[in-house]
Amino acid sequence: MADFEDRVSDEEKVRIAAKFITHAPPGEFNEVFNDVRLLLNNDNLLREGAAHAFAQYNMDQFTPVKIEGYEDQVLITEHGDLGNSRFLDPRNKISFKFDHLRKEASDPQPEEVDGSLKSWRESCDSALRAYVKDHYSNGFCTVYAKNIDGQQTIIACIESHQFQPKNFWNGRWRSEWKFTITPPTAQVVGVLKIQVHYYEDGNVQLVSHKDVQDSVTVSNEAQTAKEFIKIIEHAENEYQTAISENYQTMSDTTFKALRRQLPVTRTKIDWNKILSYKIGKEMQNA
């Protein structure tokens, strides 16, 4: 082990550690971090060298965070990244400091937002919040309005998770939707992601994503937001249905084919006989 450590540079160790961290299953960041910490055995190197991995993980996972003094949770995403570990909460018009290791928010400060897109963002945010409340038992969303390459763009992010470590599984749903405000119609682009980890008596992961394209009629803010949500609802329902159907098919065919129909002896086991033999033997020994 010592020879191996001598041959591997600190840079390579950090690269490997960062890879483990960015691929941590949802809800298991701390477990992976602690394991990597033991393997690396150098806290300073890990914190300094892999800090970008901590940030990337939280942004990729749409990590929700509660800001003290504010009711709604906000998602940590690349769209809200202001640099220097500060992030935007467009709903409350504030920025805040985010600790990527502790996953805690602090130092909320007022933040200027694009006033020309205020009504568009608020209409989409209001419609999306109602949708998420109806469809996700533990869901959160954040809507951004930005100028990207000179185009006024709405970006909607959704996150929902269920962490059940006592039952040996964790899962997260993420979706991201964009459209540009370009009347009379605009292209809607979305990506849907599901990641589930089940690890009781085994280690099984579901990692799935789907890209979606559609178009929305751009009229006034409220009507466009309504049509935008209809597209999201249809695509997400369709995706969830397809996932369920695929699992049923796999259960009926693929997984069934993996199971051995008969033991190696090619003879079915008569469990009742085995039980009677065992009882008889125990009675003999009594």
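Using the three backbone atoms N, Cα and C, a Cβ is placed for every residue, glycine included.
Here's what Swiss-Prot has on this protein:
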MOD_RES   Ala2  N-acetylalanine
MOD_RES   Ser9  phosphoserine
MOD_RES   Lys19  N6-acetyllysine
MOD_RES   Lys97  N6-acetyllysine
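Feature annotations (Swiss-Prot) mapped to structure.
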residue : record          : DSSP class
Ser9    : phosphoserine   : coil
Lys19   : N6-acetyllysine : helix
Lys97   : N6-acetyllysine : strand
Spatial separation of Lys19 (N6-acetyllysine) from Lys97 (N6-acetyllysine) - C-alpha basis, Å: 25
Distance from the residue listed as 'phosphoserine' back to Lys19 (N6-acetyllysine), taken between C-alpha atoms, in Å: 16
Around the Cβ of Lys97 (N6-acetyllysine), the count of other Cβ atoms that are within 10 Å: 14
Fewest Cβ neighbours within 10 Å, where candidates are the modified residues Ser9, Lys19: Ser9
